[in-house]
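Enquirer: Sharing a structure with you now.
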Amino acid sequence: MKALVRVAVTGAAGQIGYSLLFRIAAGEMFGKDRSVILQMLELPDEKAQAALKGVMMELEDCAFPLLAGMVVTDNPDIAFKDADAALLVGSRPRGPGMERKDLLMENAKIFTAQGAALNKVARRDVKVLVVGNPANTNAYIAMKSAPDLNPKHFTAMLRLDHNRALSQLSTKLSKPVANIEKLIVWGNHSPTMYPDYRFATADGTPIIEAINDQAWNANSFIPTVSKRGAAIIEARGLSSAASAANAAIDHMRDWLLGSNGKWITMGVPSDGSYGIPEGMIFGFPVTTTNGEYSIVKDLPIDTFSKTYIDKTLAELEEERASIAHLLR
C-alpha cells in the first residue's frame, strides 16, 4: 500500500461534493492502492454543517476499505491542514439579477481566503484543482494568495468541457470515446471556450478527414459544447453535478497517475505558450507524467482558431482586471 493521501474538498455537502466524495473514497482518484483521509469543508451555517455530517454518516456506512479517516469542519485551516490535494468545489453561485462582475467579487473573497489558508497549512507540494466557477479566475486568485506554494500546482477544471466535446465527436463519428485522442479545449471554462479537433484522431486517423465541415464545427459542435451546461440546467433544473465530479476525478487521476502520453485539457498557469500571458490560468493541451504536466508546444494556430482563442483570452483578461485591486 502506498502512502496515505489527505484530500481536502470544499463545498463538500453540495451536489458536486456529494457526487465526488464516494468515488474518491472508493479509490477512483488516487488509485486502488492508496488510503485516503477526506478533509471536508462547508459553510459555517447550521444547515450546511448538518448536511455535511449526514454525508459523513453515509461515507461511514459504505465501509470503504481505502477510507482511513474523515474531518468535517467550517474552518479552512483545519480542512487544508497537511493536504496533499485540494479540490475547491464550493463557490458563490450567481443569484437572480447578479452581474458577472459582482459574482467575480464575491468569489474573489472566498478564494483569497482559501489560497491564504492553503499557503499557511497545506503541504508544500499540494496539488489544487478549482471546480467552483468562474474556475479559471478563482484558481488565479487562489494561486496569487498562496505565494509560498508552487504556482504550477494551481489548476482549473476544463476536463468537463473536454469530456463533453469528446462525447459529441464520438456521436458524430459513431466511434467509442476511448478511440479518440488529441482533442483540445482552449481558454476559459465559460461559453467562450474553444473545443478544437484539428489535431484529433479516431482509431489513429485524423478526424478532420472524416468531418471536413467548418459549418458543422462553427454552428453545431462549438455551440453545443459551450452551451451544454445551460442545456443541462434547462433539462434537469439543476446544474451538472455527477458529470462535473467525474471530470474532477479524471483531471486529478491523470495529473497524479499520468496520462500515458495522451493529450488532456487542463486549466494551468501559462508559461507564455501560444501568446497567452504568463501566469494566466488557461485551458491548454497537456500531457502528464510523475505528477507533473507539460503543455503541448508548437501547434499551428489557424485564423479560425485564433479568433476563438483571442475571444476567450479577452474574457479572461477582463476578469483578471476586475479583481486585480484585491490582489495587491
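Positions of Cβ are set from backbone N, Cα and C atoms, glycine also.
Pulled the feature table from Swiss-Prot, pasting it below:
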- G11, A12, A13, G14, Q15, I16, G17, N107, Q114, V131, G132, N133: NAD(+) binding site (BINDING)
- R94, R100, N133, R164: substrate binding site (BINDING)
- H189: active site, proton acceptor (ACT_SITE)
Enquirer: Which residues in the same chain, at least 6 apart in sequence, have a Cβ under 8 Å from the Cβ of R100 (substrate binding site)?
Expert: R94
Enquirer: Given the binding-site residues Q15, Q114, N133, which one's Cβ is surrounded by the fewest other Cβ atoms within 10 Å?
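Expert: Least crowded of the binding-site residues Q15, Q114, N133, by Cβ count within 10 Å, is Q15.
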Enquirer: Select one residue from R164, H189: among these recorded positions, choose the one with the most other Cβ atoms within 10 Å of its Cβ.
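Expert: The residue with the densest Cβ neighbourhood is H189.
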Enquirer: Taking the Cα atoms as reference points, how far is the residue listed as 'active site, proton acceptor' from Q15 (NAD(+) binding site) in Å?
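Expert: Per the Cα atoms, the residue listed as 'active site, proton acceptor' and Q15 (NAD(+) binding site) stand 19 Å apart.
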Enquirer: Helix, strand or coil by DSSP: which one applies to A13 (NAD(+) binding site)?
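Expert: Assignment for A13 (NAD(+) binding site) reads coil.
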Enquirer: Sequence gap of 6 or more, C-beta under 8 Å: which same-chain residues meet both conditions with respect to G132 (NAD(+) binding site)?
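Expert: Listed in sequence order, they are T10, G11, L88, V89, G90, S91, N107, I110, F111, N138.
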Enquirer: Excluding near sequence neighbours, so keeping only residues 6 or more apart in the same chain, what lies with its CB under 8 A of G17 (NAD(+) binding site)?
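Expert: For G17 (NAD(+) binding site), the qualifying residues are V9, T10, G11, M40, V55, V89, G90, A245.
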